[in-house]
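Note sheet for the following structure.
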Amino acid sequence: MTDPISHDPATTPEVASEERRVPSSQPILLRAVTVGGIAAVVVTVVMSVIGWCVDGGTGLASGALGSVSAFVFLGVTAASILVSNFFVQSDFYVVIFFGLVLGSWILKFVLFIVAALLLKDQPWINPTMFFISVIVGVLASLLVDVFVVAKSRVPYVGDLSKDRAV
Amino acid sequence: MSVLAEVSGNIATVGYGLAAIGPAIGVGIVVGKTIEGVARQPELQGKLQVLMWIGIAFTEALAFIGIATYFIFTK
């Protein structure tokens, strides 16, 4: 007579460690961060060139800083969900998840307000160019997010193993 | 003509306060509904996470642009 408990994959340590599972959203978030990084480089270069044409070195710095800050601050959301999903096996997953996601959310806004106060009166910043770069960066980041989600295929039920791509 | 009330400083800060109400309510609804959804159907956690993320991205973008208006609305 076989013992059902000893053959249960969930109770076998080596099988449980091999089948480390993450939520099925993980590949999509990873792709969003990756594609967002590539888009950030492209938009930063474009806005820097436009800034250089408009206001020389000051415009270049403003264009680069504006677009980089937009992509970084909007990318933090996906990155924080991505990181917190690694703790999905933990008993404190819900606490860790919302602590990281909403904690990073409030932190980035505080940082951006402080950055705005510090940068506003700097002589090497063109405020109008900075603002336009932020708008362009935000719109480009949202476009990337929409593109990634529209192209994603999430299984209706269940989670994926760690190495499976969607 | 007598002045009954006077506002000193930049009125744009009041505008940002008003602009922040929408994203605050939006993110609250998105996260709250995701919690409800996962509580009802835990197996949908991954799918709901993606929807929550795209919802947060769009609502927080408004707040982000609102803060950035500091660069053009102040002298």
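Backbone N, Cα and C atoms are what each Cβ position is placed from, and that goes for glycine too.
Residues annotated as region 'Disordered' in TrEMBL: A:1-20.
Annotation source TrEMBL lists transmembrane segment at A:28-52 (among others). Beyond the ends of the transmembrane segment (A:28-52), by six or more residues, the same chain brings 58-64, 66-68, 71-72, 74-75, 78-79, 81-82, 85, 126, 129, 132-133, 136-137, 140-141, 143-145, 147-149, 152, 154, 166 to within a C-beta distance below 8 angstroms of the stretch.
Counting only same-chain residues 6+ beyond the ends of the transmembrane segment (A:64-88), those with a CB under 8 A from a CB of the stretch are 21-23, 25-26, 29-30, 32-33, 36-37, 39-40, 43-44, 47-48, 51, 96-97, 99-101, 103-105, 108, 111-112, 115, 119, 125, 129-138, 140-142, 145, 159. The transmembrane segment annotation in TrEMBL covers A:64-88 (among others).
Residues annotated as transmembrane segment in TrEMBL: A:95-118 (among others).
The transmembrane segment feature in TrEMBL is assigned to A:130-150 (among others).
Long-range Cβ contacts of the transmembrane segment (A:95-118) within its own chain (Cβ-Cβ under 8 Å, at least 6 residues beyond either end) map to 69, 73, 76-77, 79-81, 83-85, 87. Taking Cβ pairs closer than 8 Å, the transmembrane segment (A:130-150) reaches residues 28, 31-32, 35-36, 39-40, 43, 47, 51, 62-71, 74-75, 78, 119 in its own chain, all 6 or more past its ends.
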